[in-house]
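Here's what TrEMBL has on this protein:
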- His73, Gly114, His115, Ala116, Gly146, Ser147, Asn174, Tyr285, Glu367: thiamine diphosphate binding site (BINDING)
- Asp145, Asn174: Mg(2+) binding site (BINDING)
- 316-480: domain 'Transketolase-like pyrimidine-binding' (DOMAIN)
Amino acid sequence: MSLLDTLTSPAQIRNLNPAELEELAADIRRELVDTVAVTGGHLASNLGVVELTLALHRVFDTPRDRIVWDVGHQAYTHKLLTGRRERFCSLRQADGLSGFPKREESEFDCFDVGHASTSISAALGLACARDAMGGDEKVVAVIGDGSLTGGLAFEGLNQAGHLKKDLIVVLNDNEMSISPNVGAISSFLSRKMTSDLFVRFKKETQNLLTHLPGFGRELVNLARRAEDSLKGFLTPGMLFEAFGFDYVGPIDGHNLTELEETLTNVSRLKGPSLVHVVTRKGKGYAPAEANPSLFHGVGPFDAASGEVHKPPGAPPSYTSIFGRTLVEMAEADSRLIAITAAMIEGTGLQDFAKRLPERFYDVGIAEQHAVTFAAGLACHGQRPVVAIYSTFLQRAYDNVLHDVCLQNLPVIFAMDRGGLVGADGPTHHGVFDYSYLRHIPNLTFMVPRDEVQLCRALATGLAHGGPFAFRYPRGESQGLKLPEEISPAPIGQGEKLREGKDGVFFALGTMVGEALEAAEELTKEGIEMAVVDACFLKPLDRTLLLAEAQRTGFVVTCEENVLQGGFGSAVLELFEETAVEARVLRVGLPDVFVDQGTQKELRARHDIDAPGITRRVRAALGRPRQSAAG
Ligand SMILES: Cc1ncc(C[n+]2csc(CCOP(=O)(O)OP(=O)(O)O)c2C)c(N)n1
Ligand SMILES: CC(=O)[C@@H](O)[C@H](O)COP(=O)(O)O
Ligand SMILES: [Mg+2]
């Protein structure tokens, strides 16, 4: 029985001695590797904060004192220490432990997270509420250097410094976002005061001074003292001191004694303070230390070798097909620019960044900036493609509306992770974009049903002169052969894929395949359903949809989006506007946040897979399931 096995509360670790703590840290790292090797998940970030998490729960009286994690992907140790060890093997699975802090899961989780850069704002809110209620608990935000590239973090720093509230921010600086961190803040944080220029300047000054007759020696000592204060002035502290924070650091984030001493001292300070902690992403597991990007979010792997499992013969992902096609198009069109918000690998842009570095931008975790930056580029003859997860584009809704669509600028939004993403759960499902984009004037929104149509979507966006969005799912494509020539699709034109007299499926994207399967199944029961791939959420193919609705009188819309304001709503609006009489059954996601699980499980759970659609149509037509014998 390891020490970790006995833990049910952080109180138990507060009187462990250094040797026991070292053993516990080793136990935790073993548990992280062994579990994530099976479940998949965020490993490198978690390995990097084992000592920090131990120190936080030893110094602060959690859950009375509160810890707000930024993104929260690095909170596995926090969960192991707060009574969730037994459930840890259910990590990121249906009905299992979430991969992120969740208030409903534990009193030790004081704020739900998943999207970056929120921790300081949330922690400040908790601190102000504490003061309003006469409390004296400590509030700590733990934010990574990558998440600090999000503007929201600075909005929080700005107000916290002004309000002078008792608040502790722990900056976990491992010089990594998912890939190496970017931007001026990152280089400022890792400012090397021993940079070549500084060393050369120092040497030459020293030579000069020592050769001065008489007081040269004294001047050398004076210069040395000046150098120390210059360093003090130029270290990252200056940035945070300017915001009104007491800055402490940088300190070694793997030295438990130093961490605890520093956090204890800082906990006694009044007003806002920031502790700059330097850690190594992937610490303690060689494959993750060697490749922290790969082990940031990793699928199941062999713990002994670090070899990530790849199902043999799996078709390429939609993401990789997008990335490859974008490079091909960019090589033929020098106006094309690729922009990512800290998700180079996730959006498949590694190749683009390597082959066309002068036309590639990683703006950090700054989605709002990414969109308005793209608008600026488009204003001046460039053709920017913002490659972004659907869920993260939610951050930039007003930038899409106000800076791109209102000016009718040719910006392409390549939205990856469209639809249910699976294990990341409700904070990451891309199931709202139909609803949050469809109502914006000037925007064209295409939804490819497979990888061939995905390539066409990119070509269509490039040929189109205005704001253009398309979305595609997380995971493997359908293994189709891609055409040599990729021609743009006619905007707003749908495609009838199957005949049927009893009704018609109007489907978008991945739901086209489900609708075809359901139609096949229903045929066996004498129900003949036509299938239309609407191809575009906006503009709709009014001619085709109206004709099919009038021909059959029964329309089933199918979408992997919330029903509220989605594709089915668009069809209802069309029928209302044109006074078409047809019965409409909308198949899509209900007005809830869909939990975690595999994509397949979640589609089945919410009846948006072929069996679920079949059941819904059968019920709507009042046809009990007939056995194959009839
Ligand atoms: C708004 C938003 N954009 C992008 C992401 C994807 N994302 C998750 S973690 C991460 C990198 C975070 O880096 P850092 O804060 O330094 O944490 P580390 O993994 O290095 O511990 C990114 C880009 C996100 N969760 N939220
Ligand atoms: C924590 C976070 O937001 C990212 O790491 C996200 O989990 C990546 O998602 P994918 O695994 O779909 O790339
Ligand atoms: Mg980092």
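These residue numbers are counts, starting from 1, taken along the chain as shown.
Including glycine, each Cβ sits where the backbone N, Cα and C put it.
Overlay of TrEMBL feature records on the structure.
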| residue | record | contacts (Cβ under 8 Å, 6+ apart) |
| --- | --- | --- |
| His73 | thiamine diphosphate binding site | His42, Ser45, Asn46, Gly99, Phe100, Gly114, Gly297 |
| His115 | thiamine diphosphate binding site | Val71, Thr391, Phe392, Arg395, Thr427 |
| Asp145 | Mg(2+) binding site | Leu171, Asn172, Asp173, Asn174, Glu175, Met176, Ser177, Asn181, Ile185, Ser186, Leu189 |
| Gly146 | thiamine diphosphate binding site | Ala116, Met176, Ser177, Ile178, Asn181, Ala342, Gly364, Ile365 |
| Glu367 | thiamine diphosphate binding site | Ala341, Ile388, Phe392, Leu393, Arg395, Ala396, Asn399 |
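With a cut-off of under 6 Å between the Cβ and any atom of ligand 3, the binding-site residues His73, His115, Gly146, Glu367 reduce to Gly146. In this structure, Glu367 (thiamine diphosphate binding site) is part of a helix by DSSP. Contact annotation for binding-site residues (His73, Asp145, Gly146, Asn174, Glu367) versus ligand 2: His73, each with CB under 6 Å from a ligand atom. This prediction places the mean pLDDT of the domain 'Transketolase-like pyrimidine-binding' (316-480) at 98. Residues His73, Gly114, His115, Ala116, Gly146, Ser147, Asn174, Tyr285, Glu367 are listed as the thiamine diphosphate binders, and the farthest two of them sit 32 Å apart at their Cα atoms. With a 10 A radius on its CB, Asn174 (thiamine diphosphate binding site) counts 24 other CB atoms from all the protein chains.
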